[in-house]
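Structure first, then comments.
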Amino acid sequence: MHISIVAVGKLKEKYLIAGINEYTKRLSAYAKIDIIEVADEKTPERASELEEEQIKEREGGRLLAKIPHDAHVIALAIEGKMQSSEQFAARLDELATYGKSKVVFVIGGSLGLSKQVMARADETLSFSKMTFPHQLMRLILLEQIYRAFRINRGEPYHK
């Protein structure tokens with residue numbers, strides 16, 4: 001399976017980079033993992049709703065340009081479907097079983113994802129009703145993907 005994470009913004013925090021590198025290394029035994037970053041837009045402090053939508057559209061255009069046409073796209077969004085780690089593992093296994101060899105997870109910027117990106121998504125996933133920094137979501141997502149592969153292979157993993 002080839003898994004890509006397409007995300008808005010460049011990581012700067014060393015602790016996040018270290019964690020992402022660790023999980024990318026661990027996952028290399030199970031799948032090919034790519035992390036693709038697209039430029040984020042500066043959001044004015046008191047941006048209007050229209051300005052925020054325009055920013056999401058510009059970021060969304062960059063995200064869509066990085067998604068292969070034959071990929072199964074999972075958008076991370078608060079309004080997405082919540083799953084347990086076991087359900088998420090079963091879903092990844094199901095995608096592999098049905099020949100979905102390219103899976104792309106999309107993480108938006110601080111304003112979220114554009115309507116165009118949400119329309120392109122084959123499904124949406126939520127990790128919580130809480131809001132997390134989009135940079136941190138990359139690490140959380142990688143950990144859950146790693147956990148899913150361990151669950152699917154019957155390998156021990158900390159609960």
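Using N, Cα and C of the backbone, Cβ positions are placed for all residues, glycine too.
The S-adenosyl-L-methionine site in Swiss-Prot is built from LEU76, PHE127, SER128, LYS129, MET130, THR131, PHE132 plus one of GLY60, GLY108, GLY109, namely GLY108. Long-range Cβ contacts of SER128 (S-adenosyl-L-methionine binding site) within its own chain (separation 6+, distance under 8 Å): ILE78, MET82. Of all the binding-site residues listed here (PHE127, PHE132), it is PHE132 whose C-beta has the fewest other C-beta atoms within 10 angstroms.
Max Cα-Cα distance over the annotated S-adenosyl-L-methionine binders (LEU76, GLY108, PHE127, SER128, LYS129, MET130, THR131, PHE132) is 16 Å.
LEU76 (S-adenosyl-L-methionine binding site): 24 other CB atoms within 10 A of its CB, across all protein chains.
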